[in-house]
Amino acid sequence: MRTFRRRLTLIMMSLVGISMLAAGVTMAQVYKDSHIRALKENMAREILLLESTFDFLPMDSAEASDYYTAKARELEDVTDSRVTFIMRDGTVVGDSEMTSAEMDNHAHREEIESSVRDKIGSAIRYSETIGEDMLYVAHGVTSANGNFDGFIRLSMSLAAVGQEMNKGWYYMGGGLMILFLVAAFVSFRVAAGLTRPLEKITRVANRISRLEYDARVDLYRRDEIGQLGAAINGMADSLQQQLKVIRDNEELMESVLANMTGGIIMIDSSGNIALLNRVAEKIMHVSSDQIQGKSYQVLKRNYELLKFVEEGITRQEFLREERTIYNPEERILQLDAVPMFEDDDSYKGLLVHLQDVTEIRRLERMRSEFVANVSHELKTPIAAVKGFAETLLAGGVADKETERSFLQIIHDEGERLNRLIGDILELSKIESKRAPLEYAPVHLKDLFDNIIEMLGSSAAKKNISLNHYIPEHLFMEGDEDRLRQIFVNLLSNAISYTQEGGKVRIDCEITGTPDEEKITITINDTGIGIPKKDLPRIFERFYRVDKARSRSSGGTGLGLSIVKHLVELHRGTIRVESKIGEGSSFILELPIMQHTSETGSI
Ligand code: ADP
């Protein structure tokens, strides 16, 4: 742009310069011509004046030549010109500069010849005599007294004219220079006025190409440049709008992809991974940056998935399959392959949807296992009740003692059945989250006093010491009935699985952070302990370490799983530490305050 402005200024200045030079030269020529013409006219007038006033002497007189020469010299002083008297035949009779004898015949001088033709003749010529350009003006003169018939010639050096001319040139040069500077300034302004808006437009166009779509040209002109600015603004407007639409669409697509619960992988027609969302990244343990744009073969770590994609690409039809991948943990994926086609039915790529169904399948398996377990658990006491009742009915039992013991078994098994059904119902109630927890401040010491009173007799029966060490004024927010259920369950277990004379104790301390204060309650016994291999599983439903012992203690195998659910509803955790033969500790961590917005429910 700068060069354009410079070039424009230069062109304008050269044009001005050239035209001014041409004007100057023409003016000089005109000036010179008119000056010479004025000189000529002046000289002609002087000759005419001489013709009428000069006292011509006859030619034949002996002193004629001297006379004319002397007169010529006189006249030179007056007229400031060289004066020459020339006879009709060209003989010089007098000259102000030289003697007539020195001078040759002048009949063929240009000015003489032309004065014969035109009455007044003139010529400009270099004079060897004077060594300058001279203007000669000659006029045919015939004196009234008939003494002279010839020509009077005046000549003048043009050096004076040259000097005048130089002066003229000097003034004109100065004037031209000033004019030229003014013209330069004006043309610079004009060029700047022309290029500045162009520069503005270029700047805006550059900004737009650097993706600054809010750049606008602020030109308010009606001419072509104004129209160009408006066109650029219009272009930027439409770009901005289109970009917004594109961005909105992109955001929409991104948020859809990011918030989908399933994984999405898009493979283009050449088999490269065009896109994958966060869930897919998580399932496959890859990052989209690493594999986007690469061939789907990079999925080889997820072999089953790779095979599925391969099948989808070759078959180009909707496929749905469930496959297990190991990456490294086992995951069950439901895979959908949807081929995509262009309008003209040409294949565009493959969309693969991954749904992690591991959890669903695990729950399904658990549910069916649970049903199998429940029926099994129910069958045992029912079989016992049925068997003993049948024996009694058949009347095969003679002594009263045996009969009584049979009836006791029927009663106990009935009780167990009742407990079992009660626990199953309880568990299903908790799991289906039907009854909400009712939070209230719970005074822990009172709660444990109450529980120990309740379980005191069964502990005393086994001579087990049962103590708690709860600070006096400790409160926590929770559902008191549910908390009681938790601790009764844990303490009953502790008493059940501890031998005679053992110890069961409850400790309590405040833990957590100042932001989230917690209470850690430990229920510790000196009982039989739990084998290490069973530790991870004892919170599972119906899981019992020793079936026979559990049964004999009246356990259902559901207690700990109910406990775990209830603890979690209170936003707490439970874990177990145990050493076989030494005892077990169940450690609960519960928040002191519940956030009411997250009210748990059962
Ligand atoms: P149960 O009704 O059989 O006691 P739970 O779910 O309450 O069922 O407990 C599961 C299993 O965990 C029990 O069968 C028992 O083997 C073991 N267990 C629970 N508490 C203790 C404990 N305090 N000491 C030793 N083993 C325990």
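Backbone N, Cα and C atoms are what each Cβ position is placed from, and that goes for glycine too.
TrEMBL: automatically predicted annotations, no manual curation.
Here the structure is a predicted model, which means the values were calculated and not measured.
Sequence annotations record features per position, and here TrEMBL assigns domain 'HAMP' to 192-244.
TrEMBL lists 249-295 with the feature domain 'PAS'. If you average pLDDT over the domain 'PAS' (249-295) in this model, you get 90.
According to TrEMBL, the feature domain 'Histidine kinase' maps to 373-594.
Feature annotation from TrEMBL assigns signal peptide to 1-28. Nonlocal intrachain contacts for the signal peptide (1-28), taken as residues 6+ away from its ends with a CB within less than 8 angstroms of a stretch CB, comprise 165, 168-169, 172-173, 176, 179-180, 183-184, 187-188, 190-192, 194-195, 198-199, 202.
Within the chain, the transmembrane segment (169-191) has long-range Cβ neighbours (under 8 A, six or more residues past its boundaries) at 5, 8-9, 12-13, 16-17, 20-21, 24, 27-28. Sequence annotations record features per position, and here TrEMBL assigns transmembrane segment to 169-191.
When the domain 'HAMP' (192-244) is classified with DSSP, helix, strand and coil residues number 39 helix, 0 strand, 14 coil.
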